[in-house]
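What follows is a set of notes on a single structure, which appears directly below.
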Amino acid sequence: MQNYQLVLASTSPFRQQILAKLKLPFVTAKPDCDETPLIGETPEHLLMRLAENKARSCFLADPSLVIGSDQVCVIDDQIIGKPLTTEKAVEQLLRQSGQAITFYTGLALFNNQTQQTQVLCDTFTVHFRTLSESMARRYVEAEQPLHCAGSFKSEGLGIALFERLEGDDPNSLIGLPLIKLIQLLENEGLNVI
């Protein structure tokens with residue numbers, strides 16, 4: 001097994017915290033790629049394309065294994081982005097009230113030695129409880145989820161917004177599906193345990 005530098009193609013502190021759970025040394029790099037969706041592109045295709053483009057844009061040394069990841073949430077077949085403002089966050093939460101929304105997380109692992117990329121898309125469904133406007137406002141004021149797809153942080157107080165969760169890996173909901181990442185790393189000969 002070659003000694004690869006592990007690179008996380010993300011500046012997200014949430015993804016960094018998740019990856020740190022694996023107890024593997026890694027560095028981070030800011031990806032440089034156009035995130036504009038293509039006309040008619042499905043969420044799955046968009047996220048796999050973006051994850052791969054991010055990973056391929058960030059290798060820092062030879063040899064490197066570069067992790068790229070991207071995420072969106074979808075409600076009623078519409079991609080919901082990061083709210084960026086308090087009003088937009090409250091609006092998103094009220095739209096999601098009583099609904100099931102699906103999170104799509106694209107994951108890519110690029111080996112710069114072989115130029116091969118493993119790419120996949122993981123899904124996770126969140127069932128929201130019925131929310132009043134005052135509940136949504138109190139939550140947004142308390143946690144400021146303005147840079148989070150779906151306007152919540154499931155790893156914090158956001159858990160109070162849900163009736164139930166459906167998915168294989170709760171880390172996927174935060175933006176980095178570790179169970180699947182471990183499989184991709186092992187495919188490259190890097191064993192986590």
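Backbone N, Cα and C define each Cβ position, glycine as well.
According to Swiss-Prot, the protein carries these features:
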ACT_SITE  ASP70  active site, proton acceptor
SITE      PHE14  site 'Important for substrate specificity'
SITE      GLN71  site 'Important for substrate specificity'
SITE      GLU155  site 'Important for substrate specificity'
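Around GLU155 (site 'Important for substrate specificity'), taking its Cβ as the centre, 14 other Cβ atoms fall within 10 Å, counting all chains. Take the recorded positions PHE14, ASP70, GLN71: by the count of other Cβ atoms within 10 Å of each Cβ, the lowest one is PHE14. For the pair GLU155 (site 'Important for substrate specificity') and the residue listed as 'active site, proton acceptor', the C-alpha distance works out to 18 angstrom.
ASP70 (active site, proton acceptor) falls within a strand segment according to DSSP. In the three-state DSSP assignment, the secondary structure recorded for GLU155 (site 'Important for substrate specificity') is coil. The two recorded residues, GLN71 (site 'Important for substrate specificity') and PHE14 (site 'Important for substrate specificity'), show a Cα separation of 12 Å. Between the CA atoms of PHE14 (site 'Important for substrate specificity') and ASP70 (active site, proton acceptor) there is a gap of 12 Å.
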